[in-house]
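A.B. asks: The structure's right below; bear with me while I get my questions together.
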């Protein structure tokens, strides 16, 4: 195997068994390899001509281009050339030291052959070291040999294992990018330094675009200008002051894979800006900061004064005042005074607006990524000049895969918008304005799409818009009978129990639209799913949302939202003055119609937690808070909060009862026979309770005799909070938020006022806040008498009585009932069935023999939100949003 190996010295070929010259040559080569591992190529021996060494080094700098165009052919011809012409090993070694990747590969193969005969460990390590250098220049044969060495654990040490694994795992795309990046780096570094300053690289950017014959006369083409600006931003995006070869190669590889440095987006492309462009306000001198950022300077001075004034005194105050407990108490006090109806109104609106804002933010991020796409294509065009074998299609696929995050967040935001829109109050949603915004983003998102799938995206958008307009025709107030027929459903076909197929012209258009979706996904061997289809879904969702919101809009609102806001830009000064004047008048009228003192006190109370938070943190900074918010991902924060809100509300949906029918055939007499005193006497109460537990869940409507009602609990969180205040402040708050006791004058005609005036002398305070009381009642109901009106012993048995729990909403009804009134009530059998005086929750009540009708209605039903039907309606709306007019939910 060693017979073909040339001797390391020119004295003559030694016999193959002689190991000493070979070992000496291996050691010399290894030592020179370690010295020149990072250095650019140069002559390794001191007796060589320096000029020759320099020419060899400079010739080796663009050497990676040679294996780019004909690397495969050279590899295929390597065998025959060796057979025909024997090249001395010293000459191959000199070429390898000069940076020739082919020679480095041959030296590595030579040491691998030597490792089979003697000194396996030393020769294998030398071979791996040479193969690493060749693989770094994109030599495919060297990569294959490294993979074999890694599999056989030949020459693999703890120092080179990580590098060998990285080079062995590189794809063809990464290897091509590496070869092109090597050529660019040596053009940017003509002096062949180990590390180059960023400023020096920026000065040499122009040399990359120069042809072999030097700079071409005439204007520079726009494509070359874009490539030059792209290369400048790529170099200056590195945070280091000096860039080595490996750093530049890794940076280029990451960009080619779609991993873009964050500060690359923040760089300005305008080359004519002054030296202060791009600097933050903190980096500017005080004079320029005041001139350029006056608000920031004022805020910074205010923060400094607050910090100086508060650090000394507020530090010890924050240690003795339980601020967190106070914040929690005030928070729970506010929450305890809110009702379920308020949450049912407020939460869908919050979810809708937050998710809509998230959609807008994600769309803007998509627009930013479209700019990144343009820069990426500029870089690939630049790399193609140095590596024609670069797989641009695979590079674009990798870039698209690594930039799917804003699209995923956008689709999640769409889900929240779809589910919250049918639940939210349309009176609090500016549908016309949102429809115009949705239409605007439909057009702009389409314009930001890639041109690679333009035939499909253009046809898909036209089809979608046509289907949407045809679906809107039946709702147009104008009498266009012939046109409305185009949007009407011809007939429907049930598909299962929950889905209906609508046969219409828009339905056919949607079938064609789904076909176009499939064609877009089919591009590039179904890699077009995330390269073309997912980006187009942004345009699709905005278009669908605009159609849905247009159904809730008015013609006047659309005119106001489109033409009015366009004219608003031209009449901005006059409109601002008019709006300010109108707002001032309305604000003054609002204050005159309400109690000014009450509003101010309420505002102060609600702001207490915020004030405590600000003043107890000695190191609090407004600008720091703003910076932290800008650094965090607002979209992720919104999505996390929306998910938490929906999970919290899901428990109410799961437990909701709604307006269900209380029509069980179980009568009170049957219940008393099975679970009453007779059953207790036959067996015992425990056995009866176990047996009657099978009746749990029955929704019954029974008739009984009202015996009495009592208050079991009075909840007044406002009074509890006021009682903790000093006496004089508490009385003032009671009179501010409550009512004064009436005086006992002859003009009082109300019974309630007469009762209160008698308590005025006995009350501890001049005012009361009983209007905030919330009551819980217990009603005792007995079995009705017989049909003849006679009272039987069993019917008057108090052990058969049942107890009904009632909430504060039944207060007016219960206070008007009298003992012996015949009432009809609805409840659910649950709890201690089969025991004495079982307690059920009152769901509905009506009086059957009252002389006057109960106020405000004859039958009073417990207000319960039918959350399940509401969620069912939201699911139906979501299904129709995606599939109507092709399919619709039953």
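Note that the numbers count up from 1, one per residue, in the order the chain is shown.
Backbone N, Cα and C define each Cβ position, glycine as well.
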A.B. asks: When you get a sec, could you say which of 256-276, 277-297, 361-381, 529-549 is annotated transmembrane segment by Swiss-Prot?
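C.D. replies: Matching range for transmembrane segment: 529-549.
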A.B. asks: In the same chain, who gets a Cβ under 8 Å from the transmembrane segment (402-422) while lying at least 6 residues past its ends?
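C.D. replies: Distant Cβ neighbours of the transmembrane segment (402-422) are 257-259, 348-349, 351-352, 354-356, 358-359, 362-363, 365-366, 369, 372, 429, 530, 534-535, 537-538, 541, 545, 548, 635-636, 638-639, 642, 646, 873-875, 877-878, 881.
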A.B. asks: Which whole-number value in Å describes the distance between the Cα atoms of residue 663 (N-linked glycosylation site) and residue 158 (phosphoserine)?
C.D. replies: 79
A.B. asks: Between the stretches 340-360, 465-485, 496-516, 529-549, 870-890, which one has more Cβ pairs under 8 Å with the transmembrane segment (427-447) than any other?
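C.D. replies: Answer is 529-549, with the largest number of Cβ pairs below 8 Å.
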A.B. asks: Over all shown protein chains, what is the count of other CB atoms within 10 A of the CB belonging to residue 158 (phosphoserine)?
C.D. replies: 6
A.B. asks: Please report the DSSP secondary structure of residue 158 (phosphoserine), reduced to three states.
C.D. replies: coil
A.B. asks: Per DSSP, to which secondary structure element type does residue 663 (N-linked glycosylation site) belong, with helix, strand and coil as the options?
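C.D. replies: Going by the DSSP assignment, residue 663 (N-linked glycosylation site) belongs to neither helix nor strand, so it counts as coil.
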A.B. asks: Is it possible to get the count of other C-beta atoms within 10 angstroms of the C-beta of residue 663 (N-linked glycosylation site)?
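C.D. replies: Taking every protein chain into account, the count is 9.
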